[in-house]
Every structure is written in structure tokens, then in C-alpha cells.
């Protein structure tokens with residue numbers, strides 16, 4: 001209990017300092033504090049959750065490594081920072097995608113949600129196009145283009161499948177996961193706007209805050225375990 005309170009305090013303190021320095025215009029210091037928030041959340045999960053989920057742990061590790069990479073930005077070429085950081089984030093989303101796919105019966109989803117799948121496919125194509133249009137003027141290499149489009153596809157698939165999973169399951173665990181995925185996508189879209197459209201402190205604040213909210217929902221999701229009793233799924237919250 002003592003360790004968890006200390007970690008919560010450090011998370012809140014890091015977030016507050018990020019906000020203060022972000023709106024003061026000191027983006028480097030602000031980023032140093034925002035980059036500490038998620039690794040602290042990962043440590044909090046590790047300390048407080050006894051029954052750990054492998055895919056969720058891999059998500060936490062991959063994303064934490066991408067955040068910690070910021071502290072090495074002065075020691076490695078930017079192109080390596082770009083490729084390694086984005087690959088780690090994409091990999092972390094892929095672990096979440098694999099996690100949600102474990103609970104989805106593809107056959108039932110295809111049978112019962114045909115219209116939803118068609119609509120989601122159209123929306124995903126449109127969103128991927130908009131995101132690519134925003135970053136295309138800043139991309140020079142083919143590998144960068146492929147990385148960005150793969151990144152966006154994985155992210156949008158995560159949102160779509162988490163929504164289908166919620167419609168299919170209609171339980172608290174899937175709802176928390178969907179809210180988490182939704183906040184991640186909103187955070188990423190706002191981050192694209194911050195990096196490539198309008199470099200405003202408010203946008204970065206919103207992006208980091210939404211990802212913090214996403215972490216909360218995913219943490220709540222991870223605390224709920226599903227047990228099958230005579231083909232009936234029962235939700236059990238764990239400490």
C-alpha cells in the first residue's frame with residue numbers, strides 16, 4: 001500500500017510539473033516530466049496487480065521504453081530516435097490488439113456486426129487518409145511513410161476491434177478497454193495536430209492528458225478477470 005501511494009504521488013507530481021512547464025513554454029523540461037509519467041504507471045501496475053496479464057505487461061514495457069528513449073535523445077541520431085520510438089509504440093499497440101483479439105469470436109462478430117464492420121472500415125480508411133495527409137509534407141523517405149501508415153493502421157484496428165469486442169461482450173471489462181483505446185486514438189490524433197499542424201501547448205497538454213486517462217481505463221480493464229462457469233463469463237475484480 002505504501003509503495004502504491006508513493007507511485008501515485010510521483011505520477012501526479014510528474015504530470016503537474018509537465019503541465020506547468022508546458023504552459024511556461026519550456027517544452028524540453030515538460031517532455032522530461034511527461035516521459036516519466038507512463039513508466040511510473042507501468043511500475044504502479046507491476047506493484048499493485050498480482051495476477052498480471054502477459055500482453056498488457058508487454059504493452060507497458062514497450063511503451064515505457066519508447067518514453068524513456070527521450071532521455072537518450074542527445075546521445076543518438078534523431079533518425080534512430082524516430083524509428084526506434086515509433087516502432088516501440090506501434091509494437092505496444094500491437095500487444096493491446098492481440099490482447100483484445102483473444103476475447104473476440106471472429107465468426108460471431110462477422111455474423112452479427114456486418115454493417116458495423118463496413119462502417120468502421122470506411123471510417124478507418126478516411127482517418128488513415130487524413131492522418132497521412134497531415135504528415136506527408138514532412139516525410140521524405142519511403143521507410144518513414146511505411147512506418148507511419150503501419151502505425152496508423154495498427155492504432156485504428158485497435159480502436160475498431162475494441163469497439164466490436166464491446167458490442168459483442170457488452171461487459172465492464174470490454175467497456176474499459178474500449179474507452180482506453182478511444183482515448184489513445186484521440187491522444188494520437190491531437191499529437192499529430194500538435195507536431196505537424198499547430199505547435200500549441202494546449203494540444204500537447206490534451207494529448208498527454210488523454211493518454212493518462214487511457215492508462216486509467218486500461219488499468220481498470222486489467223483488474224477484471226474473466227472466469228467461465230458453465231459457459232457463463234463472470235467478471236471478478238482483482239487487487
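Glycine is treated like the rest: Cβ placed from N, Cα and C.
Per TrEMBL, the features are:
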TRANSMEM  7-23  transmembrane segment
TRANSMEM  29-47  transmembrane segment
TRANSMEM  54-73  transmembrane segment
TRANSMEM  79-101  transmembrane segment
TRANSMEM  113-131  transmembrane segment
TRANSMEM  151-168  transmembrane segment
TRANSMEM  175-196  transmembrane segment
TRANSMEM  202-219  transmembrane segment
Cβ-Cβ under 8 Å with the transmembrane segment (202-219): same-chain residues at least 6 beyond its ends: 15, 18-19, 22-23, 27, 30, 34, 37-38, 41, 44-45, 56, 59, 96, 176-177, 179-184, 186-188, 190-191, 193-194
Near the transmembrane segment (175-196), which residues from the same chain, at least 6 beyond its ends, have a CB less than 8 A from one of its CBs? 93, 96, 100, 127, 131, 134-135, 137-138, 155-156, 158-159, 162-163, 165-166, 203-204, 206-208, 210-211, 213-218, 220-221, 224
